[in-house]
Each structure stands twice: as structure tokens, then as C-alpha cells.
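Feature annotations, reproduced from TrEMBL:
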type	residues	note
ACT_SITE	Glu90	active site, proton acceptor
ACT_SITE	Lys191	active site, proton donor
ACT_SITE	Cys224	active site, nucleophile
COMPBIAS	335-357	compositional bias 'Basic and acidic residues'
DOMAIN	49-321	domain 'CN hydrolase'
REGION	332-398	region 'Disordered'
SIGNAL	1-24	signal peptide
Amino acid sequence: MSLRVYLAVVVAVLHLSPVTLTRAGDRTEGTPSPSYVAAVYEHQVILNPEPHVPLSRAAALEHMMRNLKVYEEQAARAAEQGAQIIVFPEDGIHGFNFSRLSISGYLETIPDPLTEDWNPCTQPDRHNNTEVLQSLSCMARRHQLYLVANMPDLQPCPLTSHPTCPPDGHWQFNTDVVFRSDGSLVARYHKQNLFFEKEFDTPPRLEVVTFDTPFAGQFGVFTCFDILFHDPTVRLLEKGIRQMIFPTAWMNLLPLLTAVQIQRAVSLGANVTLLAANLRHDSKAMTGSGIFTPSTSIYHHAFHHPGKLEEGKLLVLRIPVLDSDWLATQKQAKRQGETGGKGEAKGQGETGGKGEAKGQIGEEGEAKGQGETGGEGEVEPLSASLPTLSPNPSPSPSHFISSMMCDPFSFVLLHGSEGQLTVCDGPLCCHLQYRRSPQGGNTELYALGAFAGNHTADGHFAIQVCALVRCSGSEVSSCGKGVEEAESRVDFRLEGKFGTRYVYPSLLGSGMVVDRPDRIEKTTDGRVTMEHSGMSVGLVTACLYGRVYDQD
């Protein structure tokens, strides 16, 4: 068993103008070494205004080259700041809302890098109709960085012999492509979990895709909706992969599944680095990108103001290498007296754009911004006298049912400035100990909610969720509705006993501030605890989001 796989078993136990917001988050102790510089770009996509009308190949290329021109500019900016890898979002080159027929002009046949060694930039004549692949390849080569992008792929299939071959004799896949810094194609991943994408096919077999880099070891790749499912996300974790690439076109869904919220939650819950690049498109509520490690982060969320220009956003940050096998190899080489070798950082981890970040980013461990609470052990913990949950705890009085994210949550209201509450839904019981400090005499309503069951809106999957939420109004029926702002500071200890070890913690503050909890703890009997004090902004949501994959 490799060191990476062994450590995966250990860490997996926790699985447990528009106005823009760009924050550096989560202070850390010390500067890690070795490290590398990563970049993600949130792209304000240029769309085809009539996506259901088929275009010629020439017209489709003209459209895609407009987006690729922006990619070129941002790759150059990232390289200037020392980036060694850059991630672009899902659908960023071609857009969305196509039919199976209308996307045909945008398709390119992407060779399998596992069976063919190809550099589209230096070998452009090997395959026809690969202009986008050539452009991305030359971009990576020109700026000497690893580059990840998303594009549509066409693959022929045996119409008469393969049971999933479509009637038109080919598959169409939502595809991530990865290029080395010399421009060679190193990885290709076909999205497994499609989200109402009628132009694309589900791959005939699951793909668990990784690629190696000289500066940080191994990375895994998955796309958008994949993040909520076992395959391929958990399979990557089970392989010991702790550095994840995440192109996405994520529509924000308050109060539990905004983009930066779920990105931060998965990074913490799975103990991984997540390089997340989202689209920017206000009409679809698409925004929210970031570079997240278990110990630090930088992220961006844009707020829409009608009449103001939508803009993209580049984020750059130096972060620690988490690939244990790579680290062990480097350590051994150092002991043998070898010098640094490939992959030394080209810069010092500057932020994306002058004056755009509200915190200063340099070496990891120096990340500081507004709205963070700092590292573990820096605040007084809440009382340790939280009562032990019995196998069948009694729920607090006056519980009620209200819809949250289209699921019927059981809720109980918070009363007074401090207290303890329990609410249950089926086998799941959630317990809360809290102290709150209303600001300016506000009368904001908060509730503790629990849900255990199948989520059936916009997808079908089994969840167990404990959530402390700010209600959107003064009536109990408003509990579970989306709200972005809050004034009440709430210190809390939230606990649930889950029937899954895959639990993802998130903490969302007013104005889409994502905090790292002071403490997250998981016990062998399924109990997960999240504790936090001293928020600098009002609390919107504190959530333990459990995925029960084997009940999907």
C-alpha cells in the first residue's frame, strides 16, 4: 500500500460594477514547504445568443475564439504572477443551453492521452478539426504552465454493438482537458453526473482521471455536479488523491449550496485542496470560485447590480503540496543530496490583480482577510457541558416543518441570547448549543433544522443535514428560504449523529463570507461536531451536510 493510499484512509475519516467579494481566508500556523502557485479564473462567458440554432464549424470557431482570447490574457497574467497551474471553468469556451444537434459545430474529437502521446501545438496536423485543442495547447506551452479547460468532445461508437451508442453513431461528452507546460495533452475526463445537459451523453463507463505534475505530484479531476456524488469524487479520495481540479458552472443555491460554500465544505470535509473555477453569469446566479486547502483559502463571489458590467476574476495563491508520495520522494531526494529539480515556483503567490483582494496573500500561512476567525485554538471554546445525545433524544418543543432546498426540514426556533436545542428527523438528531449577540436591536429569526432522506429536486441523492440558518423573515414559514445578509453574531456548537462518514461542514456569513470553523471533530460512532466563535459578520448558515451515497 502506498503512503498516499494509507494516508487517504486516515484523512477520509473526516468525510465527514458589480460589487465583488474577494477574500483571503483562514490563517495558518507556519509556512509550508514545499509549495506551488495555483490559479483559477472565473470567466464571464461570452454566449451564443441562439444556442438552439446549429452553427457551421467556422461560426462556432469564431464564437469560441472570443472566449479563448480572454483565456489567453488571463493565462499570461497568471504566469506573470508565478502560477504553475491554471484552471478555467466548465462551459467557459462554448457556453450552454445547446441541443444535441446545435452543439455539433463546437465538437472536437479529443484523443485519449492514455493511448496516444500528442502535443497539439507542435503537431497540429495529426488530427483534423482540433483548433480549440491547438489553441489551449499553445497557451500552456507559451506561458509554461499546466492548463485545465472544459470543452465538448465527440467520440465515435459502434452503433450495432454497443448498448449505449446513440442513434447518430457517436457520443458527445462534457469534457475536461489538461495540458502540460510543454503543451502536450496529459489528461481527458468525461463528466459522469450531468445536470440537465441534453446535448451530452453519460460516459459508457466511469472514468477516474488523475495526472502528475513535477511541482506538486498528482491531481484528480471532476466537474461541477460530480462534487455531490460518490463517483468519481469519492473514488479519487479512496485512491489517496488530495489535490482536486474542479471546473464548474455552478448556480448558487442558498442557504446550503452556494458555490464557495460547497467548495469550502468539500475541501474541509475531505481534507483536500480544491482548485475551483466557476463561470460568471448573473442571469443564472453563476459566480463563486476559489483556491481552497484544509488550512487556507482565497475566493471570490460577485454580487449583481443591474446595469453594471459583469467581469471575470483571476485568483492566484501559493499553497502547500498535499501529495504524500511526492513529498516522500522529494524528502528522500533531499537526503541523498540532490538539488531542487523541476517545479520550483516561478513567483511568490501574488493575488489576482492589483488591489483586488481584501487581504494580503504571500506565502501560505500569511493569508489574512476580513471576516476570518483564524486558526484552531485561537478562541475560547464553548462550554464542554453539551449533553450527550441519547439513542432517542427528545426534540425541543414547538418543532415545525418548513421547506429548505425543496426538502421538508424539521425545525425548532432559537429563543433568547443563549440556549441548547435538539431537533430530529427520522434517524438523524441535531443538537445546538449557542450564544448570540444581536446587533443594533435587530429581531432576526434563527432556526435549527434537520433532514434525513432523499433530495429529489434538480437531482436525486440521499442526504442527512444539520443546519443552523437565519430565516428570511419574521414568520416560521420563512425558515429555510435563501438570505444573503445577517447581523446577529452567533457562537455555536453544532452536532449530529450521522449514518455516513461523508459529512461536509460549512460556515457562511453575511455577504457571502466563508469562514473556517474553529473546530471540527468526528467520532467513530458517527457523531460530527462543528464549533465556532467570534464571527466578524452575522451568521447566515452553519451546516453539516452529510451524503449517504449508498442510499442514492
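In case you wondered, yes, glycine gets a Cβ from its N, Cα and C as well.
TrEMBL entries are annotated by machine, without manual review.
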Pop the Cα-Cα gap between Cys224 (active site, nucleophile) and the residue listed as 'active site, proton donor' into the table, whole Å please.
8
Between the C-alpha atoms of Glu90 (active site, proton acceptor) and Cys224 (active site, nucleophile), the distance in angstrom, to the nearest integer, is 7
Including all protein chains displayed, how many Cβ atoms other than that of the residue listed as 'active site, nucleophile' lie within 10 Å of its Cβ?
26
Row Glu90 (active site, proton acceptor), column other C-beta within 10 angstroms, all chains, value 28
